[in-house]
Amino acid sequence: MSKPAERKDSVWSLGDGAPEETEKRDDSQRSTLFVEKPQSGSVTVGGNITFIAKVEAKDLLRKPNVKWFKGKWMDLASKAGKHLQLKESFERHTKIHTFEMHIIQAKENYAGNYRCEVSYKDKFDSCSFDLEVTESSQAAPSIDIRSAFKRSGDGQEDAGELDFSGLLKRREVKQQEEEPEIDVWELLKNANPSEYEKIAFQYGITDLRGMLKRLKRMRREVKKSAAFAKGLDPAYQVDKGGKVRFMVELADPTVELKWYKNGQEIRPSAKYIFEHKGNQRILFINNCTMTDDARYYVTAGDEKCSTELFVRDPPILVTKGLEDTSTYVGERVELSCEVSEDDANVKWFRNGVELPNDPKSRYRIKVEGKKHTLIIEEAAKNDNATYSVMTTGGQSEAKLSVELRPLKISLALEDQTVRLGQEIHLKCEISENVQGKWYKNGQLVEASDRVKLYHKGRIHRFVIASAAVDDEGEYMFVPDAYNINIPCKVHVVDPPKLHLDGLGENNTVTVVAGSKLRLEIPITGEPTPKVMWSKGDKMITDSGRIRAETYPDSSCLVIDTAEREDSGPFRITLKNEAGEDTALINIKVVDVPDPPQAPNVTEVGEDCCVMTWEPPANDGGSPILGYFIERKKKQSSRWMRLNFELCKETTFEPKKMIEGVAYEVRVFAVNAIGISKPSMPSKSFVPLAVTSPPTLLAVDSVTDTSVTMKWRPPDHIGAAGLDGYVVEYCFEGNGFSQGISTDESEELMEPPFNLEADEWIVANPELTDKTKFTINGLPTGSKILVRVKAVNAAGESEPRYHPQPILVKEVIEPPKIRLPRHLKQTYTRRVGETVNLVIPFQGRPRAKVSWQKNGSPIDKNQINIRNTENDTIIFIRKAERSHSGEYDMKVEVENLEDKATIDIQIVDRPGPPEVVTIEDVWGENVNLSWKPPKDDGNAAITGYTIQKADKKSMEWFTVIEHYHRTSATINELIIGNEYYFRVFAENMCGLSEDATMTKESALIAKDGKVYKYPVYDDFDFSERPLFTQPLVNTFAVAGYNATLNCSVRGNPKPKITWLKNKVIIMNDPRYRMFSNQGVCTLEIRKPSPYDGGTYTCKAVNELGEAEVDCKLEVKVTQ
């Protein structure tokens, strides 16, 4: 039976449908997210089908959003259930999202166009695909025009053509229950355009565009029905060779009528017969063929009416059916049948599923005229099924039974024992040429680069070129499709071996004393060898400080706390049934060196010293790399390192020490392991330096037998201090040079002559701490040269030389008093102060000093006089006014003398003025007068101070200060008040202790009126505490004082208490509290973050209490 001819012009669509389809196709081509799109497919009624879409997640941060649609509007996520399942998965290695739509037990109305949309942020991709649902062999057809509108293609150019082959195929099948006939045309006519797709999906119409195009044309024809009283039906159907009748009824029978087929006018002939019955015009088409399957229309004037004619082939009958067949696996199978016509269209099914006629399929279909044969070259077990053949007019089915042949083992596998690295070769032979699988310990073994599996005919081989330990186990070969297995065992053996590649030279392992050694030695051998450790004759067990731990692939020697005694060779021995292996491993325990001996300080300088030491007796098994040196102050416990690079020598010079401070030093030895313990500290030492030479060496006095020298201390003494001085001299004639300086003011540090050290005579065997010394026992008339040295703990300084020789002969110096400038005027002191006057003088020899007061000798019980060779001192411990007067001083040297006079005035505060009287009172004024005081305090009166007091309160207020006269007028007094007045006298020492007050009071009255004093009740000033200014939250900086301020009032005066975090602050030196005129201040000295918190100021008196608080936060500067 031939297939109806396909026509390109039968594609029905709406006018704007094509561009939409093209646009959709273009979007699909511009895919940006899909890496695999769902493809169109077909399924029989009741069958299952899966559509798969894949999206690459390489550039996506999260899972994309995927939706499945049917048609344009139906979201299938809401339809998931028994017949529709949506699944998704993600492969981490390939980074691919897989989305699947499973249709289960498909129905006819599942057919149609589907769409998958994927979106991620601003990216979007869409793909359309079609599903075709075909009737199974058991489905009963009902000839329905709607079935003709299912697409015959899979979205290609011919999609939408009417395919009546499905209707023809269903004619010979058993009728299924008929559903009520529904006129889809009526539904579409009466529905809104937005419901077209819903109706098409509900009633299984897949060629919706074709139907809508016809509907549009039908509606257009209805509008243009003026010429036709009755038009053609939308479609006509006829069997091949049959006759069809087209009839229209005209409104006007005189109108000329023309018939057309695919646009070509039909002329009357034997095939096309025209009839006229009244207003009816009839066209008969006889002996219809497939070429008559076309579009027809009739025109009446300018109007047109069209229809479609569908021609279908007659059914093909099965004249000889299929027969049940039984065979063995691997045999050739042929299932044959015969049909009623040659080269008919026949479809083959396996368990109701159509078999594809594909050259790559294992099923081959052979057609010889009316005979059709299904061929299976090599039958398999899974070919057991019911096979059927179906034509348009009938069907036939048969069962195929494929059995296995009995299997015999010709050569079984044998157990093997192989050495490590040798080949494992397993071989077996069975009676059938079937595939099989190899298993090891129950796990499937796949072929790989290492494992080779061979199958040739009935022989199966398993080969591993190089056996490994893991290859040991139970192997088994299982032929496919047979419930039988062929087992064997493989045993892999390997002689024991120690792997010492990771050890050092001579298998030496170095470990630091005190640390834990865990020496792991890899071992191999199959079966696992027995391990034994020993040191000398002593075996090492698996417990204790030194122990051995054994594992399947290694052995460990463990020393928990390594000691130097652990050094030496350790032996490890391996044994198993394949042999043994042994090795010596040298353990070397190294440690930090012993500390050196205490260092010796050999030299000491002003800020440095030189120290030496001996290397440590034991270097810890590793050469000494150098030394670290530390020092500390003797009274301190903090050591400071002096070198950060190792000192390679055993001598070091510490520097930058503080002179005069006692220090100690110590040494650390360093090797590759670490730093030793410190040595014992050295003996304490003090960096010292001699002083600079004394200064200003000069002759103080000379007698006939002595010379007195004086000098000043050295400019630089240093931390060692000054113990004293050494005075040395030598006589003239012991090497004086001729160029002696005559400038007595010149100081010499180098001698002006050449003398040996032993020619100088020490004048003072014991050090003198004074800066003056007398050299006695000198011959009169001799000349000497003098030098002085300063001495401290570091030794003697450089000498200071007198620039000229000194003649030992007394010289008379006339007396002269050098009166200080402040004593040339009157020397004034207050009563009770100390008087201490030093008056220097000159005069030699043996000057005599005498004192007189006001021409009379001084009473030494009241005034102390002390004389020296160069000055005289007058001392009064507590001066009195009687000590005032003129003091005469006289200095005498033999017949010569010098005099000086000193005026001493001892002053005190004056007495009060004499009687103070009120001379006159007028208006608001009072005139006072008084007499100067009798006692002026031994100093002139400089002024007076006048005060007034109201008679009621008697509180004194100063009116005038520093007033020089003895009479004054007091102004601006208050009328009605009565006043008393008093006067103080004033000199250079201050006001008089007492004042003289007026005996009478002065009443300030207004003439003509008597002032009546009002009576006032006493005002109650009592008040409970009240803070008028609260505390304010404050931020403070650590290390800088902070203050908190507030103000409070209350009567009686409240008691102020400060609290921190509700705890009273008491006796804490870090806080200072002030209260002045109601202003309360808390000072926090150099606060730290610890001082942060809530501070409270609390005021309490007998009437109540009040408090304010604030928060203080202390910030630490970075």
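Glycine is treated like the rest: Cβ placed from N, Cα and C.
Per TrEMBL, region 'Disordered' is recorded for 1-32. Among the features that TrEMBL reports, compositional bias 'Basic and acidic residues' is placed at 1-10. As annotated by TrEMBL, domain 'Ig-like' applies to 314-401, 496-586, 815-903, 1025-1109. As annotated by TrEMBL, domain 'Fibronectin type-III' applies to 595-694, 912-1007.
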Q) Do the domain 'Ig-like' (496-586) and the domain 'Ig-like' (314-401) come close, with at least three CB pairs under 8 A (pairs 6 or more apart in sequence)? A) no
Q: Kindly report the helix/strand/coil residue split of the domain 'Fibronectin type-III' (595-694) according to DSSP, in that order.
A: 0 helix, 35 strand, 65 coil
Q. Roughly where does the domain 'Ig-like' (314-401) sit in mean pLDDT, to the nearest integer?
A. 86
Q.
Going by DSSP assignments with H, G and I as helix and E and B as strand, what are the residue counts for the domain 'Ig-like' (496-586)?
A. 6 helix, 56 strand, 29 coil
